[in-house]
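Noted in Swiss-Prot for the protein shown:
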BINDING   77, 181, 182, 183, 184, 185, 269  pyridoxal 5'-phosphate binding site
MOD_RES   2  N-acetylalanine
MOD_RES   46  N6-(pyridoxal phosphate)lysine
MOD_RES   178  phosphoserine
């Protein structure tokens, strides 16, 4: 009998489960299932690209453990995906990140031995990218993975996420709903799904406050991980059938409801994906259709954010009962 023990943590990436949404989907004429990427080894969809970008660079002979210094700007979860892979493979990693990202993300990155550089939150991801490029210019053996431009990002979703969803739904998926950060998930998984069935519709989700894919202007919002304020080069915009806008408040409310009504503790971007998918599943023309929404990350990573403000205050003010 073959051993089922993984040779290292990177072999645990992928094959995340799908689950129907029930109680939050009242009034829907279509069905909504969630792809639970918080079940990855480090609790987010970015575990896939962290591994794929490092492995791809290794295969091309661009980096070597113990020699190369990996550098990446990230809003957090890609950093974590890179960090555990770098730790397992023996790389030094420098991460630049806007100071507005949750404290949990900082702690996790530091726990993996990352050198963390915080950047001006007012400058968003552009500020983090500029700082990473500055560090790269003065770092011997430095290598930037460039998640927003790296073809290894959508490639891993084409090779794994898309096939997993197709197989998991027995090919019965009608719509794929994904928040757009780098655009890697919707581009890679979406391309695979459309190759299997050209009638599958792809729905991108972006913050209403920073709706650049819809022709709006970039702006501040609270949905960490999506709505970077620019159109990434790995995003194939032409693949997308419709962009659905959701507000930060709507996303936060839905993330809270998912915990209370579905038993799913998820991050704000999962709330955004769920809110968008439910809107689509309520349209009369979508009766009987199956929508799969990507839930990118686990809620525990957001305990210090606005998502859990009221809960945190309640927990902190509690006293013991005699």
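A Cβ is built for glycine as well, from the same backbone N, Cα and C atoms used for every other residue.
This view paints the features noted in Swiss-Prot onto the structure.
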residue	record	contacts (Cβ under 8 Å, 6+ apart)
2	N-acetylalanine	none
46	N6-(pyridoxal phosphate)lysine	77, 78, 80, 81, 296, 297
178	phosphoserine	185, 186, 189, 190, 202, 203, 204, 205, 273, 293, 294
181	pyridoxal 5'-phosphate binding site	75, 225, 226, 227, 228, 232, 269
182	pyridoxal 5'-phosphate binding site	49, 78, 147, 148, 153, 228, 232, 234, 235
183	pyridoxal 5'-phosphate binding site	154, 204, 231, 232, 234, 235, 236
184	pyridoxal 5'-phosphate binding site	49, 147, 153, 154, 156, 157, 234, 235
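Residue 185 (pyridoxal 5'-phosphate binding site) is surrounded by 29 other CB atoms, counting those within 10 A of its CB over all protein chains shown.
Counting every protein chain shown, the number of other Cβ atoms lying within 10 Å of the Cβ of residue 269 (pyridoxal 5'-phosphate binding site) is 31. Using a 10 Å Cβ-Cβ cutoff, residue 77 (pyridoxal 5'-phosphate binding site) registers 30 neighbours. In this structure the residues listed as binding pyridoxal 5'-phosphate are 77, 181, 182, 183, 184, 185, 269; their two most distant Cα atoms lie 15 Å apart. Listed in sequence order, the residues 45, 46, 49, 78, 178, 179, 180, 225, 226, 296 complete the 8 Å Cβ shell around the pyridoxal 5'-phosphate site centroid, once 77, 181, 182, 183, 184, 185, 269 themselves are left out.
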